[in-house]
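*Asks:* Sharing the features that TrEMBL gives for it:
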- A:7-71: domain 'ATPase F1/V1/A1 complex alpha/beta subunit N-terminal' (DOMAIN)
- A:113-199: domain 'ATPsynthase alpha/beta subunit barrel-sandwich' (DOMAIN)
- A:220-439: domain 'ATPase F1/V1/A1 complex alpha/beta subunit nucleotide-binding' (DOMAIN)
- A:GLY238, A:PRO239, A:PHE240, A:GLY241, A:ALA242, A:GLY243, A:LYS244, A:THR245: ATP binding site (BINDING)
- A:455-518: domain 'ATP synthase A/B type C-terminal' (DOMAIN)
Amino acid sequence: MSLIGKIVTIYGNMVTAEVDGAIRQNAVAYCKRSDGVRLMSEIIRIRGNRADMQVFELTRGLKAGDEVEITDELLSLELGPGLLGQIYDGLQNPLPLLARKVGRFLEPGHYLPALDRAKKWEFTPVAKVGDVVRAATNLGKVPEGIFDHYLMAPFDLAGDWKVKAIKPAGSYTIEEEIAVIEKDGQTRSVNMIQRWPVRIPLGFYETRLLPTTPLVTKQRIIDTFFPIMLGGTYCIPGPFGAGKTVLQQITSRHAEIDIVIIAACGERAGEVVETLREFPHLTDPRTGRTLMERTIIICNTSSMPVAARESSVYTAVTMGEYYRQLGLNVLLLADSTSRWAQALREMSGRLEEIPGEEAFPAYLESSIARFYERGGIVKLHDGRIASLTIGGTVSPAGGNFEEPVTQGTLKVVGAFLGLSYARSYARRFPAIDPLESWSKYKGLIDPQKVAWAHSFLRKGKSIYEMMQVVGEEGTAIEDFVIYLKSELLDTVYLQQNSFDDVDAACPPPRQKKLFDMVCDVLAYPFSFADKEEARDRFFTLTERFRNWNYTPWDTPALAEHEAKIRECLTPGAAQSKEASHA
Amino acid sequence: MRKYYNRIDRIAGNVATLKATNVAYEELAEIEGKAGKSFAQVIRVDGDNVSLQIFSGSRGVSTGDRVSFLGSSMRFSFSENLFGRIFTGGGEPRDGRTPLTDNLVMVGGPAVNPAVRLMPHRMIPTNIPMIDVFNTLVEGQKLPIFSIPGEPYNELLARIALQAEADVIILGGMGLKYDEYLYFKNRLEEGGAMSRSILFIHTASDPVVECLQTPDIALTVAEKFAVQGKRVLVLLTDMTSFANAMKEIAITMEQIPSNRGFPGDLYSQLAARYEKAVVFEDAGSVTIMAVTTMPGDDVTHPVPDNTGYITEGQFYVKNGVIEPFGSLSRLKQLVNGKTRDDHRAIMDGCIQLYAKCRETREKRAMGFEMSPWDHKLLKYGEAFESRIMDLSVNIPLFDALNMCWSILAECFEPRETGIRSNLTEKYWPKKA
């Protein structure tokens, strides 16, 4: 049932309409242009009989007096089998299909169904006639890629219902009836499609758990020093050019996780293109299938309408919650939450709200907190454990971490991977600053050992700074060796070459092995005659560790490289100097 | 039947407000009065109060001027006839020739669907070693030149325009000094490139609103040519003037400023322009090079800062050269693996040595002792600066790579360069 209103004001992507009747906050509305095009909008404020709406399209051509159709439905997603491998805009329009239907440009007013209506899925019933079901109880399942995609009783069910009929195994489209349920003489037909409003967290579970299992990203600096957890949250702030997006791309490739959802929110279209052109050709080592089959891309790039950008992160997180509800581990990468915050700011400005710091709205922090809190690891009603991990990049203005979005984010995340321009400039990738970053989670390796190794980085830095003033000749050899040790740890452990096939992804056993070897060097009591000898030995060590890093696991060459590293840790290691020149 | 309005209620800044009905958002209007005739655009509709942004500015506009609405948003003529023409920022002829009216197209259309974009994959040779070797320009890239007033950024832009192989060159000048405009015009004419160029020039003395339209018209035309399969190079100078014009309008419209007076949507507005850079799946491409002058040489100023987040790298022009540190072409990795096998090694090797040379210079300045290695580095630094970094050097990529090898050979032994030995064996110049 929808109401018809009339447009009163138009300013940017904000339109105000006058309407008589009950209006629902966050309901979807359509502004009708005089040429018949309907522009999707969302109601964001109601004052008397005036509804303020953010329009998800260019508002060019709208007139005062044009009709507005106000629905009773909140901005919702279509959920069901077929989401994986898709590329959607912030409102869940499938972009490749849109390109085929409408052409190269995103002309306003075209909306397509998110899920393929024609595709048949191999259905297997799980529930039986007579079973009692509640919202999100499994009724059956279909295979989607390598996963069992459970089909659940509708999320909006209230109380206990009974299965009256269920279809036998067979292939059905998502719109076909798979079950009939009843309650108090009322019956309801169920198909594979669920709808859920994006701004309301989706979660039918017994309890939320504390994140305890590390999410392996195969990036040493993350897994060892600043770990993230299944069901945890983390943020990556960094100035432009520090490699935020590259880090997100590497994570999306190598993370040991079932599903990756990439929310390209207000960033460059070119980066999304890299992902969507490359992922279909990359193999997921865990499954042997292409990476695209475990990925969903939500793409609302910087030149697409800003209101849809605001909703796109909710679209992404709702899909993440849906797949968590299916019992899977999901990683949501949002790039970048600052662009989303800017979208909030733009709307807030148009609504003429009293601005907070840097003109961001006062509710910025609570909005950020609510978003990250939608992640988490949960125990579902059937006992399975599933998780949604959220990682967001932050693009602070001027690279200054004091700004409101970074600060609002730091309060609510479990790990902070701060990128530094200085490290990126020195080509030390991933450019995560080891002295600024932190994680509240426990990683693969004993935290005490990690803290001990980390202490070298801090000591090394202060010695380096001292050396800038007094010169190398004014530095004691003991200090100089500590500095060399910290550089070694940085070069061969923290830095990782994403262009090298082997070094790009470092699995846990390899990390543990390498960490132990590096620790042996850190602990070794070297004695050098002079700084030249020290520098030379560490050059050799660095080179040999590098060779180790580039050599595949389980090859005889790896043991040889290890032996060569060990050679440098013997008292009479002078011969290693000759060996390095040979 | 065109309807005329004879009563403007309010004039402030470049914005006039009047009562009118049946007016569409962003519709074009015409204001006629003693001050002459000017176009204006609807920037706010509030019931029957309509706010217009007057293109030629509000100076001399009277509340009794005659206003009429034209029934569509801004359009511009698009055809082959554009070649060799010069327009104002607002799209009026600046070259004294007749206005074009055929095949009008909408200015500032919707964004490109990311699903039809291709990954940029073709290098644009410029014959400037600092670009070709170290930060290769790629077709479909959007790249700003960060600089400060007084640096030769416009000269660099003009050279890139002349030497890059592009089917169409479109220059959008914003807030240009008149002599800068003449400089561009003369360079393009002398270089014989005028017949494939189209110029949209807003000079510093023109109305500020036209500054806002310059990139929109320029990029609309560029996009149309790209759809036809042409490879288009768009040069915009200076985007800081554009941002300042936006600030001026935003403050007139009483928008709440976010950072140093700039409107909160600065990022979105800049991105909407830069994101027009594209390589189409089955058509041409748009490449954007844009000058962003940094007030006070401050890269954290909102305009360069937001730009840096949008674009795919940046060139720093400082002290008359493209500064190797801080300059970055994010897309160079997509093309420089396919040029010559020593390209990446030279790119990394030469810059690392040059970085060491700078460290040595600092050491020298602080009075530390110079070792033989330091002297080698100092010699290398000077040769590198005069034969590679100097902007007057004009040689193709392969010659530039060879030049790098001979500089290395003059200063170092092969193993001192840190370049893989199979490459030094292949390319190290033999002693005569």
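Glycine residues also receive a Cβ, built from the backbone N, Cα and C atoms like all the rest.
Buried or exposed, and what's around them? Tell me for each listed feature.
*Replies:* Note on the domain 'ATPsynthase alpha/beta subunit barrel-sandwich' (A:113-199): its mean pLDDT in the predicted model is 95.
Under DSSP, A:LYS244 (ATP binding site) is assigned to a helix (H, G or I) in the three-state scheme. A simple way to gauge crowding: the CB of A:LYS244 (ATP binding site) has 25 other CB atoms within 10 angstroms, across all the protein chains here.
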*Asks:* Taking Cβ distances under 8 Å as the criterion, give the subset of the binding-site residues A:GLY238, A:ALA242, A:GLY243, A:LYS244, A:THR245 near chain B, ordered by sequence.
*Replies:* none
*Asks:* With H, G and I counted as helix, E and B as strand and the rest as coil, say where DSSP puts A:PRO239 (ATP binding site).
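*Replies:* Looking at the DSSP assignment, A:PRO239 (ATP binding site) belongs to neither helix nor strand, so coil.
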*Asks:* If you draw a 10 Å sphere around the Cβ of A:GLY238 (ATP binding site), how many other Cβ atoms fall inside it, taking every protein chain shown into account?
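*Replies:* Within a 10 Å radius of the Cβ of A:GLY238 (ATP binding site) lie 29 other Cβ atoms.
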*Asks:* List the residues of the same chain that sit at least 6 positions away from A:GLY241 (ATP binding site) in sequence and have their Cβ under 8 Å from its Cβ, in sequence order, or write 'none'.
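*Replies:* Within the chain, A:GLY241 (ATP binding site) has Cβ neighbours under 8 Å at A:TYR421, A:SER424.
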*Asks:* Using all protein chains in view, find how many other C-beta atoms are within 10 Å of the C-beta of A:PHE240 (ATP binding site).
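*Replies:* A:PHE240 (ATP binding site) is surrounded by 26 other Cβ atoms within 10 Å.
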*Asks:* Would you list the other residues of this chain near ATP - those whose C-beta lies within 8 angstroms of the C-beta centroid of A:GLY238, A:PRO239, A:PHE240, A:GLY241, A:ALA242, A:GLY243, A:LYS244, A:THR245 - in sequence order?
*Replies:* A:SER395, A:LEU419, A:TYR421, A:SER424, A:ALA431
*Asks:* Applying a 10 Å Cβ distance cut-off over all chains shown, what neighbour count does A:PRO239 (ATP binding site) have?
*Replies:* 23
*Asks:* Taking every protein chain in this structure into account, which of the binding-site residues A:ALA242, A:GLY243 has the most other Cβ atoms within 10 Å of its Cβ?
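*Replies:* Per the Cβ count within 10 Å, the most buried is A:ALA242.
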*Asks:* For a quick check of packing: other C-beta atoms within 10 Å of the C-beta of A:THR245 (ATP binding site), how many?
*Replies:* 25
